[in-house]
Structure formats: C-alpha cells, structure tokens
Amino acid sequence: MRRHAREPDYMKIPPLPIHEFRRIESRGPYFIPELAANRRCTDKFFDVIFFINVSFLVVFTVVVIWDKNLTYGLYGQDACGNVCGIKNVYITNMSEGCKVTDYTDYPIFLYEKNRAMCIREEDCKAPEKKLVHRRCFPENMERSRLERLLYETLVHSLESMSTILAMMLVALFLCLLMYLCYLINAHITSMTLTFAGIIFVTLISINSWFLFFKYYKIVYMLPSVLTLIYLAAVVIVLILVGDSFTLVIGLYAQAIKMIRKAPVLLFQPLISIAFVFAVDAALVYMILVLQFCADNVKLAHMSYHTWYAVFLFLMVYWLYGMANGCQCMIVAGVTAAHFFTREEPPHCAYLRSVWVTLRYHLGSVGAGSCVLTFVRIFMPIATCFENNKICFVLFNQCCELVKAHASYFTKKAYIMTALHGRSLHPSGLRTARLVWLFMCDIIAIDNLACTCMHMASFFFLLCSLLVFTLMTAQLELASGARLAVIVLIFSGTITFFYVSLMNTVVETLIVCFCEDRHMNDGSRYNPYYMNSELFGLMIDALELAYKETQTQEDS
C-alpha cells in the first residue's frame, strides 16, 4: 500500500526498540506500563511553571478578597460602608464625616454612578429603575445594564438550582445508560443510538423551525441551527464513511471489553467533573467579587481587576485541560495494563495508574495542556499585531514554533507517556512514528469513532435542552435563554468527560496495537498480546483503506 503524501523527514527515523526508548541498559524483561519504581518525574520545567502560576493566582486572590466580603458586595453598601438591610453596629476604617447607620428599613441598594446609597423598595419604580432581588438598577446607565444582566443571571441560577441539578442528572443518566447498553450489546447500541438520534433530532429541528417562522423570535433560532448542523454532520459522515461504520462498531466493542475488565473507569469522569465544577465555582465566586467589589480593588492607586480576570480565565482553562489530561493518562494506564497481560488481570491497576500520573507525570499533563492553551488562545491574538510588522513577525514566529511542536502534544502522546514514562515530546514523536509505520493514520477509524462519540454527546445535550425547555416553559424568554446556556455548560462538561473516556480507550487500543506489532511478530514464539478480533479488525480497516486508495488512483 502506497501513500499519496510524501514521507516527512522525521518519519524516516524508525521507532526505537522499547529498551532504547526507555534508556534501559540491559535487554532484560520490561513491563507495559512501566513500573513506578523505574519512572522519573517528566517535564519538570512545566511543574515549576505551573507552581509559579498557581502561586501568583493565590497571591492575587488573597489581595483581591483581603478585607472584602462578598456579602457586602451582593447586598450593597453606601459610601461609608454601611450594609443595606441590616442594623450596622461597627465599621472598620470609617472615613471622616461618616457614621454608622441603621438600614433595617432600607434593604434596597441603588446602583448609580459616583453614588451608592440604600433606599426603600417603593423608591425603585419602573420605568426609570428596575428592581432585581435587593438591587435597584437605573435603566439609563450602560454599566448598570451590564451589572444587572450578571446579577439577574446569578439570582435566577440560584432560584433554579434544582432545575440545573436535574439537567445535570439527566446528562449523567444518559451517559451511564449509553455505557450500560454498550456493555450489553455494542452493535445494537451503536445502530440504535445513531438512527434514534437522527429521528429525534429531525423532529426537534422541524418543531424549532416551525416555532421560529411562526413567532420570529431569535430564541428559537439556536436549537434550529444546532439541530440542522447536527443532522448535516451525521449525514455527511454516514455517506463518506458508511463502509467503515461496521469497523467503528467493532472498535467500540473492543473498547467496551476493556471497560468491562476495569469497571472502575466509569467513576473516573466523576472525579474529573467534580474537580472542574470546583474550579468553576471558584471562578464564579472571584468574578462576583471583582464585579461587585471592583471599586475597592486597588493596587498603588491603579485598578488591576481586569488583568486579574484575564489571568483567572487563563488559569481555569489550563486547569480544565489538566483535568482532561490526567483522566486521559489514568485511563490509558489502566487500559494498557489489561492489554499487555497474558495471564491473570493486574491487581489495583487503577490505583497504580492514579499514583503514577500524580506522582511522576503532572509536568507532562501541564505541558500538554499549556501548549494547547497557548495555541487555542494566543494564535488568534497574532492577527491583532498586523499593523505593527515587527511585533507581528516576532509574535507570529513564536506561535508558529509552538504550533509546530503542538502536533506531538496529542492525546496519544499522553497515552505513550503512561505506557513508558518518558516526557511528552519524545512520547508524541514515538507515537507519530508508530502510527505512520503501521498506517493507522490512513485507516483513521479511531478518529471516526471519536467523531461518532462526540455526535452522541451532542445528542445528549439536545435531550437535556429539551427536558429543560419542558421544565421551564413558564419562565421569560430572556431568563430561560440565560439558564439554558448555564445548563448546556454543565451538561456539556459531564458529557465531554464521559465521551472522552470512550475516546481515550479507543485511542489507547490503537497505540497498543502499534506497540504490539512493533515488538512482536505474531509467531508461535513471539505472539501478539492483542486478541484475534482486534487484529482482524485493524487488518480489515487497512484493506478498506487500500481499496479506497486504489479507487482514488484509478480516478
């Protein structure tokens, strides 16, 4: 089988044998995954970078919330520091000319430019002002409208917390139901999920477009467009790769066999989700502090809350990537431990994988997530320097340099690090060479399998959104739309990590297949670790790719 693309220079170097790649002096017995005793901390530089950034984040956070009470910011306080709605007894650092005031009968905080005061509820009347919870917003102030939007979203979210939790449970239930059905029968589940999803989404799309053309409201445009995009993507994928769909189902069946051997993997996404939600809660808390207490956040007479907010978002995005990377490496370690065994299944494979990841490879996880964060966020910023040629050239060169190496910082690089304990860049390079050597980049059924799983997650989100719409039909459109965005964020996080579990197992099987073929020849004296079903599946995929290549050459 010949390739259409020219062989890259770095692919001309064959993958090293395992003992050379691990830098083992002798050709003695080795284990896959590598034992914890033989591992070393990888990518220590990014450990240091991450520690420095977390230290800065902690210092900035302490400075921001030092002597700042979010309750004061939410309930409001006048220029002297008296909190609205309570009987103030004592105020620290009171300015000259101020006095302690009893605001028990003045529970409403009036937000006006250059003035902060507590008023009665009857003093906040429409249309000049709008009352939201215990805060009064003048309609003629731009900043007031922005703060009111944030405050209304916060209040409605707290009031609808039970609905949000219910939608999260719906998304979690659908994900677990999918895995349960896959454990029973992967083929029937795949076919049912695909065609039931198409029928269900078609009905939603027809109904959404009907409501849009009937009422001409933009709120109906979002589900209409999303469902149309989903249907178009599913139809295109089925038309282009219809012959490979059976192979994808077979790959799902092999992945489910691994999950059946280690069912504890189904709990790993819950840990990742809990970590991400904790980070999100901290982010929301700090944004509220910045928004409602921003006037008091000063450093050397200069407000720095904007820069802190940017740094906060970057760190949260980085931590989100680290949660995904840790899950990927843990799942890969467990899957590889069950793949490369001929006798009894390994004991405590999950706990060992967790220990190895947290003890030795947090630097590698931080390296991959940091590079991906840089590429996804700072690459678009390069266009902002187009007018300044010098800055544009320098910044663009840095981005291109990072982008050139980012191709190795993939999920398969995490998997290779979990297998052999090497740093992320050499692991990514070895993965690329192995995949190229055994032409797994051409058959690409793992990419197709991941695409199908993401389509399934999108279908779950639509189901959650439909249930949410039925539960909140009495809400105003604006409030319902804001809550719908929050529901999609939380439900999307749940479905993402559970879909990522299946995708990681699938990609780990591909990497293990390449490693198995590289170190074994399938003979009687050197048999493969993989079962005959996986080997036959990959050979069938290779033959199908060969036929497609021949068809392209003939045409």
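Each Cβ is built from the backbone N, Cα and C atoms, and glycine gets one as well.
Automated prediction, rather than curation, is the source of TrEMBL annotations.
Annotation comment: TrEMBL describes 45-66 (among others) as transmembrane segment.
Taken from TrEMBL, the feature transmembrane segment covers 164-183 (among others). Tertiary neighbourhood of the transmembrane segment (164-183): same-chain residues 157, 189-190, 192-193, 252, 256, 259-260, 266, 269, 456, 460-461, 463-464, 467-468, 471, 483, 486-487, 490-491, 494-495, 498-499, 502, selected by CB-CB distance under 8 Å and a gap of 6+ residues from either end.
The transmembrane segment annotation in TrEMBL covers 195-216 (among others). Cβ atoms under 8 Å from those of the transmembrane segment (195-216) belong to residues 223-224, 227-228, 230-231, 234, 455-456, 459, 462-463, 466 of the same chain, restricted to positions at least 6 beyond its ends.
Outside the transmembrane segment (228-253), and at least 6 residues removed from its termini, the chain residues within Cβ reach (under 8 Å) are 182, 186-187, 190-191, 194, 197-198, 201-202, 205, 445-446, 448-449, 451-452, 455, 458-459, 462, 502, 506, 509, 533, 537, 540-541, 544. Residues or ranges marked as transmembrane segment by TrEMBL: 228-253 (among others).
Positions annotated as transmembrane segment by TrEMBL: 265-290 (among others).
Positions annotated as transmembrane segment by TrEMBL: 302-320 (among others).
If you look at the transmembrane segment (455-473), the same-chain residues 6 or more away from its ends with a CB under 8 A from one of its CBs are 160, 163, 166-167, 170-171, 174-175, 178, 193, 197, 200-201, 204, 223, 226-227, 230, 233-234, 237, 480, 483-484, 487-488, 491-492, 495-496, 498-499. Here TrEMBL flags 455-473 (among others) as transmembrane segment.
Residues annotated as transmembrane segment in TrEMBL: 480-499 (among others). Beyond its flanks by at least six residues, the transmembrane segment (480-499) meets 152-153, 156-157, 160, 163-164, 167-168, 170-172, 174-176, 178-179, 219, 222, 269, 272-273, 276-277, 323-324, 327, 453-454, 456-457, 460-461, 464-465, 468-469, 472 of its own chain at Cβ-Cβ distances under 8 Å.
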